[in-house]
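**Student:** Please see the structure below; I have some questions.
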């Protein structure tokens, strides 16, 4: 039973969506025309009629009418017609509104959390985006009245879906082409801005002097400094002579190690000056490579 109920609910939702699409796509021109004409008529009434005075006039007219009928009927008939034939119970507005209010209250904490994060700049990027959006809305509503915006939105709601559905492929191709052109233009403008600002940045860097060098040395990636060091150490390791490999001898009786016939050679003296010169040369090469990588 639960599965059938869920299936029926899904069908109802799909039918509602299809009805809304059919309404906006003018599948039934008579029904769509009624809604479109009614919305335009309501907007024209809102523009021409002062709603506050209108509702006040309707309210005091109803009260004067019901009071007069009740008084006259009690005076001549002995019983008030309004109290006799009027509704005895009020419509259950609270029961109708309560589910919607409960659903809205469930979503309220999430909305409050988003507002708190935005106001207190937990993510500054999102805060700036929201500020820019509110600024644009402020300018937009200062240029146009609310009635004009609602009137244009109503016309677009009943015309744009039908136009897009009729020329979908052409509109999609045009939008994709416009996006590509905008990307190219933004890249060109960014490159132009970089080229124009480069001389000023170079001047600032030259004026700062050692401060800019210090910042570069701190912000340089580790890989750029590790590369020359490993290369120089590998060069130093290549310059150092390796010890000769010892010959492997088998334990068989046929192959025996030869007895040395000559006297052992004397040990060579260790020259400290040559070693210090080599170390100085290697450090100079390392400094040159580091300067080239930083430049």
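Every residue, even glycine, has its Cβ placed from backbone N, Cα and C.
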**Student:** Tell me which residue from 186, 267, 283 Swiss-Prot records as phosphothreonine.
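**Tutor:** With Swiss-Prot as the source, phosphothreonine is noted for 186.
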**Student:** Would you mind telling me which one of 32, 219, 225 Swiss-Prot calls phosphothreonine?
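**Tutor:** Per Swiss-Prot, the residue annotated as phosphothreonine is 219.
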**Student:** Which sequence positions outside the transmembrane segment (143-163), separated from its termini by at least 6 residues, show Cβ-Cβ distances below 8 Å to it?
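**Tutor:** That would be 21, 24-26, 32, 35-36, 39-40, 43, 46-47.
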**Student:** Within 10 Å of the Cβ of residue 186 (phosphothreonine), how many other Cβ atoms can you find? Include all protein chains, please.
**Tutor:** 10
